[in-house]
C-alpha cells in the first residue's frame, strides 16, 4: 500500500512537469508579455520616464530570455538573475498587476474560496442524494417527474442570472448587502462573531447559485445509476431473503451506485479552487476566480500560471485520493489479484 | 401431505400494449420431502409461478384469481397460509420469504452482491429470521458452508463472490437459501449456467441436502436431463397452462400430451442412431439457392485439410495484484494445440469454460494473435500461414471464415435494423450494387426460414431463436467456407436448439460448409459433429470420430465429462457417487500414462486408428504394447 502510494507520487512528477510546460506555453501564446505591453502603452502616450524601470523589471524576471529558458527559470530548473529561484525553490513568482508576490495575492483569497466551494459541494451532496434515491425508487411517480422538471430548470438556468435574482430578493427580504462575502463594515476587520454570521449569511446565495446545476446533474446521475442497480439479480436475492426494502436499498444497490461518485471526488477537489469563476465575478466574491480572470486578461503570467498549476496539482491529488478510496470501498479493486480467473 | 398447494392461479401482466395473461388456471402441489419439476420453454410462465410463490412479482403483474397455500408446522401459528392474500412487502410475507421458502437462481455470477463477503450475505438471512447476533450467524454460516461442501468453510466466510468459481458461488447461493432450513426450496434453473461437471455436483448437492434437511424442492428447468436426475414428479407448462403432470416415471415412459412428446423428441441424446434427426416443435425449411450456390470460388476439395493448427500456443498476461505489487501473471490459454479441420466436416470442440475453446476459435479467426505455432489455411492454392496474410489475401480470408456468436441478444446491434445488419458485410467488402445487395439480403432471410418482410424490424422484436437465425444469416452473407460456431445454442431452449441444430446441419450439406462447433454440451456436439476434440486447461486431450469418442472415450477427462452429462432417461441417471469433478479436470491427477505436469508437452498419441489421446507417458513409443493395453 505504501509502496503503491509512493509510486503514484513519483509518477506525478513528470505529469506535473508536462502540465507546467503546457500551462506556460498557453499563457505565453498571446504576443508580448505584461511588461512589454506596458512599455508599448507608455511609448504610445509619449511618456518615457518609467520605461527604464520597466526594462529593469524585464531583466529581473528573465522576460528578455528565450522561451525555453523563461520556462525553466520559472520552474526553477535554470539559473535566473538570482540563481535558481523558481517554483521548486518555493518562489511562486511576482504579480505585475498587483505589484506583490503571487503568494500574497492568492493567499488571502484561498480560505474564503475553499469555504465557499466546500459549502457548495456539501449542498450538492445533501440535496442530491435524498432526491436521487427518491426518484429512482419511485420511478415515474409524480414526485419523480416534479424533481426531474426542477432539475432540468436548474440545469438550464444561467448561473449568474439566478444569482442576480436571488441577490435582489435576499436584499429585499433579509437586508443582505449585495455582492461580496460579508457586510462592508467587516472587510479588513479581525474575525468576530458578527463577521462569522455575516459570512454565513452571504454564503447562502452563492452556494445555491453555484450548486444548482451540479445538484441537478447529480440527481440525474444518481437516479440513472441506482435504477440500473435496482434491477440487478442480487437485489432480488436480498429481497428473497426477506429483508426490509429500506434496509436492503441502502446495503446493496445504493452501495454499488456510489462508486462513480467516489471516483468523482478527484474532480471535486480542484473545483474547490476553480469551480466558480464566472459566478464569483458576477456576485463580486473575493475568491480566486476573479483574480485568475484578471490575471489572464492582463497577461499577468506568473500569477495565472501559478493558479492554473495549483489547480492541476489538486487534480492529481484528487485522483490519487479517489483511487485510494475506491480501493478501500470496493473489494473487487482491492483484491482483484486473488480472484480465480 | 403437501407443503405447497397452488390452485387455479391466474396472473396477468399489464404492458404498454394492454394486458397479457402469463399464467392461467395453474394448479399443482409440492408434497413434503419430494421434488417437483416445473418444465417448460422460456416465456411459458414458469418463472412467474416462482415469483408468485415468493411474493416477488414485478409491479406490473396482478394475481387475478387462485390461491397459493403454504402449510408448514414451522409457520407462525402453525396454520396454513394463503400467500396470495398477504401483502408482498408486509412483515408476514417477509417472515415467510427466506425463512420457510427460499430460492436459488440461475446466474450465480449476478445473484450475489460483489461488494459484500459471502459470510455477510449468507448470515444475513439467519440474523433476519433466527434472531441471532452476528457471531452466532457467523457460526451458523460456517456450519451451512460445511453442509454444502465448501473446501474451506472458515476461509470462505470472508471471501468475496468474485474470488470464487461459478460452482462455488452456486454452492454459496444454496447455503444462503438453506440457512434457515426452509420447508420449500425453489431452484430456478439452478444449473443452466454451469459446466456439465459442476452441474452434476450441484444436482448431487441438492439431492443430498434435501435428504438431510427434509425439505421439498420445486425445480424450474427446461432441461430434461436435470428432470430425470432430480424430480419425483413433473409438471409440464406451456403458454401459462399446465399441459400434463404426474410422476416422473409415468411421464417419461408414456408422455400423453403432444407438447411433452415434442419436447422430448427435441432433446439430443447419445443413444440416437446415425442419421436420426431431432424433431423441433417448429421446424424450418432452409431454401438454398441464388448467389450462395452459384457463386463458387477456388477452394480446396472436400475431405482435404482446410485449416491446420500446428503447435499453437497462446498465453494471456493477467495483470491483477491489488494495491500491493501488481505482478503480471501468465496464464496459458492454449498449450501446443494441434488440430486439423477437413473441408466439409464439422469438428466439435468440447470442454469446460476456461478450457480454451473460444480462444482457439478466435485464433483461427485471427481475432487474436498467437504466441507460437502456425495456423495454416488452404484457399485452394496450398496452405498459407494465417498470421502472414496481408491486404487482399487477408480480406479474402475474412470472407472465407465467419463466426456465429453464443449470445443472440448482445451480438446484434439493437440500433440497426435486420437489413442494416445483413447489408453491412457487403458494404465493408464492397460487393454488389444496391439492388444486388437487397436481393441477397432477402435470399439470406429465406435461407434461415425468416420472412423477408421482417427486414425493416429491429432485433428486439425477435425471439432468441430468431435472433440466432439472423446471426447465422449474417455469417453466411459473404458465402464463407468455414464457420466457427461459438456455443450457438447454449442460450436457447431445447426446442429452439433442435431447430437451430437442424438448420446448421442442412446448411452444411446444401452449401458445403465446414464447421468448428464449440460447445460445452456433449450431447449437442455428438448430434452435429463428425469429429470431436476435447479440450481441458488449454490442451487438446482427445480427438477422434464422434461415435468413437462418445462410445469409447480413452482419456479420463473425456470419461468424466461423459459421465457428468445428465441424460433425459430415468434408467440412465447420473452415478453421483462416482463423480469427482475437481480430480477429473486436474491434469496432474490424471492416472498414467495421461498424467500431465506443467513441464510435459501435451503430446497426442494415436491409440486407435484416427483416434488420438493426450498421453505423454506413451509419447516416445517406449511403452510396450501389453502395458499400453493395460493402461487403456
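Using N, Cα and C of the backbone, Cβ positions are placed for all residues, glycine too.
TrEMBL lists transmembrane segment for one of the ranges A:65-85, A:86-106, A:149-169, namely A:149-169.
Range A:9-27 is the one annotated as transmembrane segment, of A:9-27, A:28-46 (source: TrEMBL). A:261-283 is the stretch from A:9-27, A:149-169, A:261-283, A:303-329 with the greatest number of Cβ pairs below 8 Å to the transmembrane segment (A:114-137). The stretches the transmembrane segment (A:9-27) and the transmembrane segment (A:303-329) meet in space: the count of Cβ pairs below 8 angstroms, excluding pairs fewer than 6 apart in sequence, reaches at least three.
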